[in-house]
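A short worksheet on the structure shown next.
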Amino acid sequence: MRNSRKSKMTTEENSHSKQALSDPNEDEYSFRISHKSETSHLPPRLSSDYSSPLATSPTRDSSASPYLDPYWDQSHQTSPLSRSPWTSHVENNYSYTGLMGSLVREEGHIYSLAASGDLLYTGSDSKNIRVWKNHREFSGFKSNSGLVKAIILCGERIFTGHQDGKIRVWKVSGKDSSVYNRIGTLPTLMAYIKTSMKPSNYIQTRRNRNTVWIKHFDAISCLSMSEDQKLLYSASWDKTIKVWRASDSKCLESIQAHDDAVNSIVVGFNGLLFSGSADGTVKIWRKESQGKGTKHFFSQTLLKQECAVTALAVDPSSNFLYCGSSDGLVNFWQGDKLLSHGGVLRGHKLATLCLAAAGNLIFSGSADNNICVWKRDGAEHMCLSVLSGHSGPVKCLAVEEEQQQKGSDKQFIVYSGSLDKSVKIWRISSQLVPNQAEVGMSPPQNFPTSNSCRVSQRRK
């Protein structure tokens with residue numbers, strides 16, 4: 001049954017790839033659908049490394065050793081970037097909703113974004129993390145190895161998840177706000193040494209090797225913070241979720257979460273942890289106190305399907321969970337007392353790769369190069385528009401509410417990172433109606449669906 005499902009899924013996704021991309025070398029998207037190792041020979045998967053040379057043969061240099069990459073970096077690495085290959089084409093005085101401009105990179109796909117106030121962090125396969133302030137380049141810093149697959153902000157610290165299975169920790173300099181120092185790597189050097197002393201702390205990996213349980217042995221796919229920002233969660237293609245204490249970077253727990261690569265995790269309402277995997281399932285994990293610490297227990301399987309789960313997002317203000325899949329659909333659940341399936345949003349021709357929620361708006365980015373804008377009214381979801389402007393799959397999204405005068409409609413700045421090597425910036429109003437098609441926006445009748453604008457449907 002398992003092999004049959006994999007074969008069917010691979011055939012379907014390869015068919016989608018041929019429709020989406022004219023370049024035969026660019027036939028992969030940005031999530032994992034196979035349990036095979038990153039170093040295996042051409043695994044049948046949709047890779048988050050999309051034509052990158054790291055996709056099939058990641059470089060193993062000396063920095064891959066935990067003994068040469070300690071948590072407390074005494075050299076206080078600063079940004080090595082003196083000249084950026086990025087160019088900014090942004091108009092900040094636009095009064096309408098729609099495309100504001102682009103941040104274009106000369107090389108490298110965009111895999112991760114994080115926004116906070118007037119700062120935007122972008123990660124790519126160049127191993128650089130660029131920092132933008134008010135849509136202009138402000139700073140940057142670079143890791144030794146491993147393309148940047150996830151960025152998450154926690155106070156003054158920035159956590160980045162990488163292709164090499166490591167989490168790196170950065171902090172802005174107290175003397176110069178444009179200088180970022182790497183202050184650590186997870187797991188820490190001391191924790192690795194201490195754990196490696198006991199044979200019982202080793203687990204067997206699918207590469208027929210043993211490694212300590214506190215270390216990811218495959219690419220990190222995503223990061224998430226607990227609501228109180230005390231716990232950091234990391235998910236990996238090694239099928240596990242690891243729980244880290246943010247205060248001292250200690251690995252508290254390793255959850256054998258799925259039967260295949262974990263593509264997305266998100267912390268939701270009531271402290272629940274949701275995980276989505278290439279095995280086609282969405283699972284719920286409940287955090288419970290245990291002595292002086294906490295432990296996560298499996299609660300239920302929320303979804304089980306043939307195609308891979310590729311993205312998750314939570315709207316904590318209204319208790320909605322959204323799940324994107326490789327078939328292009330977005331399922332959603334409402335969690336008042338119990339999580340009940342609310343319906344399916346059908347707006348994409350190809351795989352949904354990323355999701356974001358802000359206010360009463362939901363954004364879904366896809367391998368069809370478009371971003372769908374959905375508006376929630378109660379439990380109903382209406383398609384407002386399609387943001388079209390990218391020439392490659394939309395890999396990541398970040399949303400910030402724009403500061404407006406009191407009494408004015410809420411407006412949001414949406415950042416979209418794509419495998420076309422660009423970040424596009426959009427202004428979206430919560431009062432947007434379906435017939436308002438501005439620059440870079442298409443009306444919902446262009447959607448690949450025969451349904452009316454009300455596209456909230458229960459899945460049969």
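Placement of Cβ uses the backbone N, Cα and C atoms for every residue, glycine included.
The range from 389-412, 437-460 that TrEMBL describes as region 'Disordered' is residues 437-460. Sorting each residue of the repeat 'WD' (387-430) by its DSSP state yields 0 helix, 27 strand, 17 coil. Taken together, the residues of the repeat 'WD' (255-285) have an average pLDDT of 95. With DSSP states grouped into helix (H, G, I), strand (E, B) and coil, the repeat 'WD' (213-254) comes out at 0 helix, 23 strand, 19 coil.
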